[in-house]
């Protein structure tokens with residue numbers, strides 16, 4: 001048996017699978033931790049040396065459905081869903 005380059009060709013077992021949080025195939029099956037987002041930890045894994053990675057994943061890069069709704073409500077002064085009752089004309 002050799003311990004060098006030839007032995008690495010025999011590796012065929014998957015060590016990583018899909019992550020529930022980020023969807024990448026970076027969730028380590030034995031460690032139960034995602035190498036990309038750090039899933040199982042409460043906070044998302046980010047490092048400042050990965051500035052490009054932060055730029056790709058940050059708020060505003062996806063649908064931002066909730067934030068668009070918040071912005072629309074902000075422009076209208078956070079009014080409720082029901083319109084204000086019209087003032088009755090006084091006679």
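Glycine residues also receive a Cβ, built from the backbone N, Cα and C atoms like all the rest.
Just so it is clear, the model here is predicted, and its values are computed rather than measured.
Taken from Swiss-Prot, the feature Zn(2+) binding site covers 19, 22, 34, 37. Under the heading zinc finger, Swiss-Prot lists 19-37, citing sequence analysis as support.
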Among all the protein chains here, how many other CB atoms are within 10 A of the CB of residue 22 (Zn(2+) binding site)? 18
Where among the binding-site residues 34, 37 do you find the Cβ with the fewest other Cβ atoms within 10 Å? 37
Using an 8 Å cut-off from the Cβ centroid of 19, 22, 34, 37, can you name the remaining same-chain residues around the Zn(2+) site, in sequence order? 20, 21, 23, 24, 26, 27, 35, 36, 38, 39, 45
Cβ-Cβ under 8 Å from residue 19 (Zn(2+) binding site), same chain, 6 or more residues apart: which ones? 25, 26, 27, 34, 36, 37, 39
